[in-house]
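For Asp218, the entry in Swiss-Prot reads active site, proton acceptor. As annotated by Swiss-Prot, ATP binding site applies to Val31, Gly32, Ser33, Gly34, Gly35, Ser36, Asp37, Asn38, Ile39, Lys53. Positions annotated as domain 'Protein kinase' by Swiss-Prot, on the basis of sequence analysis: 25-397.
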Amino acid sequence: MNFNKFYNKFHDEPIDCENFPDIGQIKSTSVGSGGSDNIVLIVVQDNIKYAVKIIPTLFYPKYKEQPNDDQMEIKFYQFFTKRYILTDRTPHIVGIYKCKTCDNIRDFLLKIKPKKSCPTFEEKLLKKVQYTQFENQLCNLLLYGENKLMDSKFIMALLEYCDFDFSRYLRDLLQNVYQNNFGNNIGEFFYELTRILFQIIFTLAIIQDDYPGFQHSDLFIRNILISITDKYTDNEYVAYYYKQKIFYLPANGIYAKINDFGTSIIVNELESNTYIYDKQTNKIFHKNPFNHKNDIYNLLIDIYFAFDEYIIENKLDESKINPIINFMDKFIDIETINKIFEINYYQLKDTWYIDGISVLENTIKTPHDYIMSDVFEVFQDLPANAKIIRHFNSPRL
C-alpha cells in the first residue's frame, strides 16, 4: 500500500554499481525460485526494506541466439509497475523501483560472498560441507564466470519488499489451524485464503481483459509473495471495481502479489526472442497464451498439492480433511482432480499447461468468470460505518 511513496523516493536515485548495496545494509539473502540463477538481497535503507534482485547473464552454447528471458522479466516489472501499480489498477503485483545494468559481476559476488572457499565437487561428496543454498549459488555463478559461461555484465533491480512467499505462508496458516483449536480457526483460515485468491484472480482478470494474450506461465504458490499490514483502523476498507461489481476488503490484512515474470508473455507486446520457436511446439505442450484458464489452474492445483502434502505429513483424519475439500471445491472440481490423482499422480503433478485438455480445462473457470460468480460475495457487503481509503480499478481512473 506504500509502494507509490517509496517509488517516488527511490526511482530517481542513481545506483552506484561499485558501492551499492552497503554490506551492512544487507539483512538477509536468498536465491531465485524454481531453479533460477538469480540471487536476492533484502536491504534496509533509512528504515525501509526492499529487495535487490541480481540477474546474471549466462551463456548457453547450444543457442545461436541467447535467450533474453531475464531482460524480458525486467520489462514486465516495469510495464506492470507503470500500467497497473502506479495507476491504482491493482496493488497485487510486485513493483520495481528502478534497475541498472552493472559491470564486473565477479567483484560483486566476491563482495557479498562469505569468507569461505568454494568446495570442490569431491569435497561435496566426501565431506559434510556446511553451505547454505545462497552460498552454493554464489559458488556456482563464480564457476560459470571462470569457465566463460557468464557475462561480466549483470542486472541489478530494486524491487518492492514482501514478507514471505505464499508457499511458506500457507504452511504457517495450516500449522496454526490444525495445531491450535481447529474449530475456532478454520473459518478464519478459509477467509484469509479467499482474500488471497480474490486478489490474484482479480488482478489476472483485469490484465487479461486489457491484454488477451497475457500468460504468466509460472503462477505457482512460490511465485506469489505476501505482505501484511496492520496500520489502518478496523473501519477502513479498500474497494475493487470489476465490470458492474464492487468488492470491499479491510485495509488491514494480507496483500498477495504476483512475482517472477521470467517466462511470461503478452503476445505482440512483450515477447521473448525465443517465442517464435516456442510457437512451433506450443500445441504439443498444450501451451496457449490466449487460454485464460492456464494460470489460475497452475495456482489452484499447486494449492491442492500443498494441502495434500500437509494432510499426508500430519496424518489428518477425515473430519479435518472434509472442510478443505469443501472449500477447494468452490474453485476447482475436486472430484475430477481426485480421480486423476488416484490414477496418475505424477502425470497430474507434471502437467503445467492445459490448453486443449478438456478434462482439466473443465475443472476450473477463467478469472473473469470467478469474479462474476458469487464465490467472492463475502467481500460485496460494506459495513455501515466503513470508510473507503483506496479505490482500485475504479471506472473514474
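Counting starts with 1 at the first residue shown.
Backbone N, Cα and C define each Cβ position, glycine as well.
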DSSP three-state assignment for Val31 (ATP binding site): strand
Integer Cα-Cα distance in angstrom, Ser33 (ATP binding site) to the residue listed as 'active site, proton acceptor': 11
Gly35 (ATP binding site) to Asp218 (active site, proton acceptor) - Cα separation in whole Å: 12
Rounded mean pLDDT for the residues that make up the domain 'Protein kinase' (25-397): 92
Asp218 (active site, proton acceptor) versus Val31 (ATP binding site) - Cα distance in angstrom: 17
Three-class DSSP secondary structure - Ile39 (ATP binding site): strand
Cβ atoms near Val31 (ATP binding site) (within 10 Å, other residues, all chains): 19
